[in-house]
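Engineer: My questions all concern the structure below.
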Amino acid sequence: MSARNRELFALIPASLLVTVGFAAVFIQEDELISDASLTYGGVFLGLCFVAHLIIRATLPDADPYLFPLVALLACFGLVMIYRIDETLAREQAQWFVIGLLVFAATILLLRRDYRVLERYRYTIALVGIVLLLLPRVPGIGAQVNGAYLGIDLGPIAFQPAELAKICIIIFLASYLRDTRQVLVQGARRFAGITFPPLKHLGPLLVVWGAAMVLLVFIRDLGSSLMFFGAFLAILYVATDRASFVVIGFSMFAFGAWFFASTVGHVADRIDAWQHPFDDELYEQVGGSYQIAQSLFAQADGGVAGAGFGQALIETSNGSPILPAAQTDLIYALITNELGLAGACGVLVVYLLVTERGMRIAMLAQDSFSTLLAAGLAAVFALQVFVIVGGVVKLIPLTGVTLPFISYGGSSIVANFILVALLLLISDRARREAAGR
Amino acid sequence: MVEPASVALKFAFLAILYLFLLWVARSALKDLRRGTVAGGMAVAPGHDRAPAASPDATGLHSAAQGVGIGGDTPRLVVTSVPGHQPGAAYDLVGDCTLGRGDVEIHLEDPFASGRHARLTRQGHVIVLEDLGSTNGTYLNEEPVQGPQPLHPGDRIRIGDSVFTFEDS
């Protein structure tokens, strides 16, 4: 089977999942089987088919599994959000279509050679930084749960950090392509670890400083960890020096500890994370109610889950039991309704997407492509880690989205751009590897 | 109330999900196995991989090797250059220039400029620099911008002429 036929074939199970998922939700809510679920499945398949045709025409050698895996995630998102609220699901479906359009536009725009991005690296970096700081601009910035992640422009609200992450990765990949050879010179070995000379810690210090500023400015440990972790991943791929990673993480841990004990908002979050069942914190506004309910919901799911539509999201008088179920806590909702089995399935999908990304990075023939693919895969994986880790109380809960599943336009659009870039890199890499 | 049909659909949903994941994971595994059997072949011809590098070298390893060790004379080996015997080598003792004109390493290549690129010794490191050529110099298929230190196994390409840098 050729790569493109594999992709087409893999879209069928994804569409079947939409059909089955919607049918299950319909039965539970209306107690009747409606053929609307078939329609939804058909429309979903049609949309994916159009995107598939675009990939077939422009990127014939691209990775065959990436797009179907993404479609599967989007299907999870649509079914779960529909189950929460019909109007939200309709908006999400619109965003899915817009995401596909942006996806197609990115591919068409960069299909000649995506490496032109390297030429605009400083512009791209500037755009990324401006996007990150936008939520703090008075008037348009919006504070959610104490973190400055979103901006609000009347009808449009979006999370600029989602787009910023792609800009920052492009910049880091092209910057480190040039400087990596310098960074590994003159290293010293001590106690079995290779230490870089002090002067080459400069870039590390600068990015660490930026991550700390981010932490204080945006007040979100999760996105700060996501950016810094992705930077360390690219740095490791570029230099093959584990010492950079060790030093970087120690610095980050120190900085996070310092700000956690001095900045009030961060400290509150840490408290809620460590003692979610504390009576006082549980009752507090912005306290541990959300994380505690998330844990209850997941425990309620068991191994096979309670079934579609069975989770309690709000009480009969409309006050929420599972707050922000469509965004932050959507993973908890999936665990509640589909159980450990469903949640593991979702995590395996993310794992496979990351594996495809790393595979593309290994196949790529030039350093910029390798670094870019590795960076994009790393930031994607870290985003999943940050939000799922928060929901299962491994790390403090933060407000980043679960890619392609969470409700939210900017997240879907940005992640579609990310996947488009990965497909562009893999098309070139696989064509060159095959000697064509 | 839990409808039996709903329960059945839930399990159908999970079954489809896992079958699909199994299929993708199996193909991914097959990919990996093919990668190891073929050794470098499917993946390797290309950038940054030193031919002598250990088999577990992945991707960008060689950037860390061979910087400033010294020893034997570094050499520029002809991989495929019009008018040159493949395997022939130039010892890089002093500085030398590559190009179509009257220079140390003469190239019969229509894409080469008169004075195209220069190799200079800086301490233990040989540095490659493009001399503002029309068609550019490529180090491991990437355009050279500014002085670039060379590592064993690096490929230098000017037009259709390809050299490999060796340093033991």
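For all residues, glycine too, the Cβ spot is worked out from N, Cα and C.
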Engineer: Between A:122-144, A:283-305, which stretch does TrEMBL give the note transmembrane segment?
Structural biologist: A:122-144
Engineer: Can you tell me which recorded stretch out of A:65-82, A:221-238, A:329-351, A:371-392 has the most Cβ pairs within less than 8 Å of the transmembrane segment (A:404-426)?
Structural biologist: A:65-82
Engineer: Is the count of Cβ pairs under 8 Å between the transmembrane segment (A:65-82) and the transmembrane segment (A:245-267), pairs 6 or more apart in sequence, 3 or more?
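Structural biologist: These two stretches do not touch.
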Engineer: Sort out the residues at least 6 away from either end of the transmembrane segment (A:371-392), same chain, that have Cβ-Cβ distances under 8 Å to it, and list them.
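Structural biologist: Hits for the transmembrane segment (A:371-392): 165-166, 169-170, 172-174, 176-177, 222-223, 225-227, 229-230, 233-234, 237-238, 291, 294-295, 298, 328-329, 331-332, 347, 350, 353-354, 356-358, 360-361, 364, 398, 400-403, 406, 415, 418, 421-422, 425-426.
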